[in-house]
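One structure is given here, and the rest of the page talks about it.
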Amino acid sequence: MQVSASCIQLLSVLSAPALSSASVLIIFNKTDLPCCMSLVEMKSLFRMDDIISCSQQPITVMETSALEGTGLQEVVQWLHSSIGT
């Protein structure tokens with residue numbers, strides 16, 4: 001299942017020593033699909049509240065649709081604020 005593999009990969013990235021102080025943006029894309037889950041459902045499936053509360057890094061979660069352009073401005077704003085430009 002892709003979700004379980006994605007969750008394992010996320011935990012692996014978050015536990016990498018080189019990234020212990022990096023700000024993390026998790027993007028749930030393709031929200032334009034008719035069969036997509038809501039952000040609440042995805043956060044629950046990934047146990048995001050538990051991951052965020054146990055993480056050393058600041059984690060932000062956003063949803064986007066690249067096709068429709070929704071959420072992209074927020075992603076760009078997050079990137080600008082994270083790199084300090």
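Positions of Cβ are set from backbone N, Cα and C atoms, glycine also.
Feature annotations, courtesy of TrEMBL:
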| type | residues | note |
| --- | --- | --- |
| SIGNAL | 1-22 | signal peptide |
| BINDING | Asn29, Lys30, Thr31, Asp32 | GTP binding site |
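Of all Cβ atoms in the shown protein chains, 13 besides its own fall within 10 Å of the Cβ of Asp32 (GTP binding site). Within 8 A of the CB centroid of the GTP site residues Asn29, Lys30, Thr31, Asp32, the other residues of that chain are Phe28, Leu33, Cys36, Glu63, Thr64, Ser65, Ala66, Leu67, Glu68. Following the DSSP three-state reduction, the secondary structure of Asn29 (GTP binding site) is coil. On its own chain, Lys30 (GTP binding site) has Cys36, Ser65, Ala66, Leu67 as residues at least 6 apart in sequence with a Cβ closer than 8 Å to its own Cβ.
If you take the C-beta of Asn29 (GTP binding site) and look for same-chain residues 6 or more apart in sequence within under 8 angstroms, you find Glu63, Thr64, Ser65, Ala66.
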